[in-house]
Amino acid sequence: MTPVSDPSSFSTVSKCATKHLNLIYHVDFDKRVLKGKVALTLEVLEDKFSSLVQFLEILSFVQSCITNHSVSQALCFPSLSQRVLVELECCNKLVVLKRSSLSYGIFRIAVFNLRANYMGFSTFLGFYSIYNLSQMCILATHCRSMIPCQDSPSVKHTYYAQVSVPKELVALMSALHDGQVPDPSDSSRVIYRFRQPVSVTSSSLTESCFLLTVYQTETMLKTAESLAGPYVWGQYDLLVMPPSFPYGGMENPCLTFVTPTVLAGDKSLAGVIAHEISHSWTGNLVTNRNWEHFWLNEGHTVYIERMIARCMESEHLRQFKGIGGWKELQESVNQFGANNVLTNLVPNLHEVDTDEAFSSVPYEKGFALLYHLEELLGGPEVFMGFVKSYIQLFAYGTVTTEEWKNYLFTYFKDKVDILNKVDWNAWMHTPGMAPVKPKYDTTMADACTALCQRWVKAKEEDLASFTEEDVKKLNSPQLIEFMALLLQEEPLPLSHVKKMQEVYQLNSVKNAEVRFRWLRICVRAHWEEAVPLALKMATEQGRMKFTRPLFKEVYNFSKYSDKALNTFKENRGALHPVTAMLVAKDLKING
């Protein structure tokens, strides 16, 4: 494996690697504190190894399990949290640091007491603290807010965990359930046990106490296996998160988180689950070595997700999803600016907060590259063969863009002349839109485009020609596309938007993807009645895809800028910390 530094971590990944992690957690809802112990098994990778940099946002060390060795803390670059430097006295090729011995490859560090920034203790649906969510699973590096760990995707390890929770709750982790027992120290609690025999990254460690919901995913899993190879994780669970969950879904080995905003979304839920299932191969089984190569996770996952749609529905649907993805890429590029290096497929993340770098670029620019290569190299079946082979080669490990590219040239050794004509620098290291726009089939998009243009070109006297039949001909994905097209145009006149509500009754639509776009259209047209509806949607859930644009639209309506600011400040505490941080930045709030 080629050594690659990780600009998003101080962890000494070139000097040692975590091989196993043993966790004991006690979730205290009353105090909103997570208490625990951890033992890390390390492999030392160099001679004279003398210090280990780990990360933890800490209230205090209760006790050090490292006898006669110093533990010091130093504040570092804020997005990299606090650095804990553990100095080791004895440094052989393999070092064991136990309570009383120094030999082989294991050490135990610290009984710790912390209140993690990215741990959600919440009141939801009238029940106090019925869920406890570690957001480290959805964020690039925030596992370090909960446990001393090598917070880099280049390090993979197995783990075992025991989690004590009130007995009326259920604990879940990104691992196989290994039984449960009463907590011997408290009869009102139960200890859930988990084991993960497949090596995972620290960002894949997750525990949650909430309610489990089941969705029929067997066909998707079987389809994904036929495309990408065997599913190695043993079980697959789905967890519907509280409304504040900031993403559509989040992949964890054995366990997928999904936002409740997709539950009324027809095929929206299926699309989210297909994406997260695909991560079982690209993201969890094969992982980007650091976050600069995040597109390897997400671009391939979008590619497999849309191949699942092709197999289960139609090639037309895959093409239609590609059209929608290109619009999402355009929106991200517009938001960052076409010259912003964060729109590179492989960005430089030195001293960049990974939360602020997050966008659709690695997803959709990555997919656009893979689709472009598919067209050049022989079509979907041929290119999916490469993707499956790539997964098999790098399974259980990590990979960089250069290694991916080298294997691409090896796999298609008889088509090197074609690959040499690809402008790799433009694709990988140049900001802005992808250098080649795919030529997608527009069969499903044509009706959306036609209806959009009717509204854009309509004069006042033409409004009577619109009827509810216009949208009855469209399915949910097409209605979403129609709205997305309108958002790319100049704002509609207020009279047009009011007529659209009159004939289509869009205020009553429950599909969150439709509703969010519709409310943006209304606010852009300065329809004042839509402002409270937009702010209500922005605060009754916390999915960043919806919350950030809705706040920005109201803020940009100058008459209601203060209303947007005040509403955000009143509801900030209910949002996920990263969502709150980014909305504050959108609204130009300091501190």
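Our numbering is plain: 1 for the first residue shown, then up by one each step along the chain.
Positions of Cβ are set from backbone N, Cα and C atoms, glycine also.
For reference, TrEMBL has these:
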type	residues	note
ACT_SITE	Glu276	active site, proton acceptor
ACT_SITE	Tyr363	active site, proton donor
BINDING	His275, His279, Glu298	Zn(2+) binding site
DOMAIN	443-587	domain 'Peptidase M1 leukotriene A4 hydrolase/aminopeptidase C-terminal'
Within the same chain, the residues at least 6 apart in sequence whose Cβ is under 8 angstroms from that of His279 (Zn(2+) binding site) are Glu251, Asn297, Thr301
The average per-residue pLDDT within the domain 'Peptidase M1 leukotriene A4 hydrolase/aminopeptidase C-terminal' (443-587) comes out at 95
Comparing local Cβ density (other Cβ atoms within 10 Å) for the recorded positions His275, Glu276, Glu298, Tyr363 points to Glu276
For the domain 'Peptidase M1 leukotriene A4 hydrolase/aminopeptidase C-terminal' (443-587), the DSSP residue counts stand at 112 helix, 0 strand, 33 coil
Whole-number Å distance separating the Cα atoms of Glu298 (Zn(2+) binding site) and the residue listed as 'active site, proton donor' is 5
Taking only the CA atoms, the spacing between the residue listed as 'active site, proton donor' and Glu276 (active site, proton acceptor), expressed in whole angstrom, is 13
Same-chain, non-site residues whose Cβ lies within 8 A of the His275, His279, Glu298 Cβ center for Zn(2+) are Glu251, Glu276, Ser278, Thr282, Gly283, Asn297, Thr301, Val302, Glu305, Tyr363
